[in-house]
Amino acid sequence: MDREIAPTLPRNGDASSSNKYRGGWWRDIMLAYRTLGVVFGGLVTSPLYVYPSMNLNSPTEEDYLGIFSIMFWTLTLIGVVKYVCIALNADDQGEGGTFALYSLLCRQTNIGFLPTKRMSSSGDPSLINQSTLAEKESKLATFLEKSITARRILLFIAMLGMCMLIGDGILTPAISVLSAMDGLQVPFPSVAAVEALSAVILLALFLLQKKGTSRVSFLFSPIMASWTFTTPMIGIYSFLRYYPSIFKTVSPHYIVGFFLRNGKRGWQLLGGTVLCITGAEAMFADLGHFNKRSIQMAFLFTIYPSLVLTYAGQTAYLIKNPNDHSDGFYKFVPNPVYWPMFVIATLAAIVASQSLISATFSVIKQSVVLDYFPRVKVVHTSQHKEGEVYSPEINYILMCLCVGVVLGFGDGEDIGNAFGVVVILVMFITTILLTLVMIIIWRTPIILAGLYFVSFSILEGAYVSAVMTKFIKGGWLPFAVSIILAFIMFGWYYGRQKKVEYEMSNKITLECLAELLSRSEIQRVPGLCFFYSNIQDGLTPILGHYIQNVRSLHKVTIFTTLQYLLVAKVAPNERIIVKRLGIHGVYSCIVQYGYADSFTLEGDDFVAQITSSLRAYIERNLDEQLHISDEEEISDLEEAKSAGVVHVRGKTRFHIGKEAGWSDKILLRFYEFLHSNCRSALPTLGVPLQQRMEIGMLYKA
């Protein structure tokens, strides 16, 4: 596996560290302030591009009032009700997002495909209570467990949600920076290089990613705080000057009147109004970096009123200047503060871009850790924030796609069309998974769960249908990117699972290993061997292939399994599990990690940590079966370590015969292509080249 070893420092969002948030409201207020620069960048900068993304044609006062009413209720229902009041309670050990919902379902029911999905007993007590409730499974859980097709569909939905979030990481930098740069064309209409200038800023932003966000993160929250508090002040000034009665539109009858007047045209405009809720998913996805209360406080007391007041001011200005909608933000900014707001808007757009880029890195890291994505390099750019990661390959792919979007689309309306598809589909997928959590885990009465699902399915379904009408005008881009990424993830995971299935059905038993080692032609050679395996109950078939061909085994051999659990973090005392296998000098070692863990130890540290745990195990547990003293066993271990360390891993490929099904032929050949072009497993452990050994073997598909 292409992994790095995780430190034992707790995360802010981890359940094991939740006690530190009980220190009072002041701590939560400080955390809420920090969320402004990390969580809400995309959401709070949405006024830059919502109105410019709408293809309005001679809009009237009633049209603008209807549009504002739609945006107000969208922010209220999706932002406040769905995310703040419901979704933030569906965390998985402090982690949020669509994948956290899926992993939560997998850990509480038998619907996952991973070999191990249960949490440790030292986890969150609330989840233990949920597990107790889930023992009496609902009919829906039983159906999902029995239907392999339903489980695969659910897995694909979760993957698609993750891929859409990655698509968000492509489009947010593009539309945010381009919309901010459009401010140059108001005082200088002759400036025609907005796209080129935006591309230069994006190139600089991506090239600086390898430095880590921590070097400039102290600027993020002040910048976003400046934006969050100045835009509503301008909004208040604007609606008091142009249309003081703007808040009469909180009455939903303005929405009804809007659709009755505009019909199909009004429905299509939903594809633009949906952008007002852009970034709301980040509230849930970035939950692990903060805590629930701080995010709720930040949204309810700063972000939500800021957005409502800003959109109220924009709408009031546009009612009196109906043809300025193509630049609906900068036109409503008063001239005396125009250039200060331009600077703040540009900086805020960069911060919003950074937050989505960082979120993309985190999603890729979690996917790689759980073998849902081909192995890529993941670098931890901070010694203090383990969630701060950087992936060179992903960074340059994002850079090319973002710059390509800016130069290829150019117009903010076309990018808005593409952006709308990402925004609403991620939310719709969250609604589906959250409904399953309600029914299967929370045991919410079916009437209430059904009311939630039907209400938000109608709301978000209307938005989905509207953005799909813009499929040809740009909406195809994120959909195509997401489908490609989802296919890559599914193909990779399918191949990994097929390998595990083959190894489980052809595993080497301890009796077979003992029989092999008892043969006179098999020698025990000096040294310490780490033999990597993907299975725990038995030994990998590569072992038999290795012994029969090399005709030897090291005097001390540790069969090592890197096991990634569907939990956010594994407790330090459960990280390394070692035991004897009943054969002298042969041990098993399971190294457990959660999907939110990071990996920072080098090869020598890895060996030292394993041998230290093994030494402690030997001292605590006398080997009564082989009648060897613990001093002698420890001496053998130290002697083997001194003689030399070797890391052995299998390099397997599928032999796809004519009898294989067409789906296996397609998916497994695609997996082999991905596997041959991804990074190796051991380099990330810092294993020196001279200590690596790869044993090739063909698995029959």
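Placement of Cβ uses the backbone N, Cα and C atoms for every residue, glycine included.
Record features, source TrEMBL:
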- 32-513: domain 'K+ potassium transporter integral membrane' (DOMAIN)
- 526-699: domain 'K+ potassium transporter C-terminal' (DOMAIN)
- 31-52: transmembrane segment (TRANSMEM)
- 64-85: transmembrane segment (TRANSMEM)
- 153-176: transmembrane segment (TRANSMEM)
- 188-208: transmembrane segment (TRANSMEM)
- 220-240: transmembrane segment (TRANSMEM)
- 266-285: transmembrane segment (TRANSMEM)
- 297-317: transmembrane segment (TRANSMEM)
- 337-357: transmembrane segment (TRANSMEM)
- 394-412: transmembrane segment (TRANSMEM)
- 418-442: transmembrane segment (TRANSMEM)
- 449-469: transmembrane segment (TRANSMEM)
- 475-495: transmembrane segment (TRANSMEM)
Item checked: Result, the transmembrane segment (31-52) in contact with the transmembrane segment (220-240) (3+ CB pairs under 8 Å) -> yes
Item checked: Contact ranking winner - 31-52, 153-176, 418-442 against the transmembrane segment (297-317), Cβ under 8 Å -> 31-52
Checklist line | Beyond the flanks of the transmembrane segment (475-495) by at least 6 residues, Cβ under 8 Å | finding: 113, 155-156, 159-160, 162-164, 166-168, 170-171, 367, 371-374, 401, 405, 417-422, 425, 467-468, 654, 667-668, 670-672, 674-675
Notebook entry, point to check: Any chance the transmembrane segment (394-412) and the transmembrane segment (449-469) are in contact, meaning at least three CB pairs closer than 8 A with a sequence separation of 6+?
Noted result: no
Next item on the list: Would you kindly list the residues that approach the transmembrane segment (153-176) from elsewhere in its chain, counting only those six or more residues past its ends and only Cβ-Cβ distances under 8 Å?
Entry: 42, 45, 48-49, 97-99, 101-102, 105, 111, 113, 144, 198, 202, 205, 278-279, 281, 285, 349-350, 352-353, 356-357, 359-360, 363-364, 367, 372, 398, 401-402, 405-406, 409, 412, 415-416, 418-419, 422-423, 425-426, 429-430, 432-433, 436, 477-478, 481-483, 485-486, 489-490, 493
Margin query: Counting a contact as 3 or more Cβ pairs under 8 Å, with residues at least 6 apart in sequence, do the transmembrane segment (64-85) and the transmembrane segment (449-469) touch?
Written below: yes
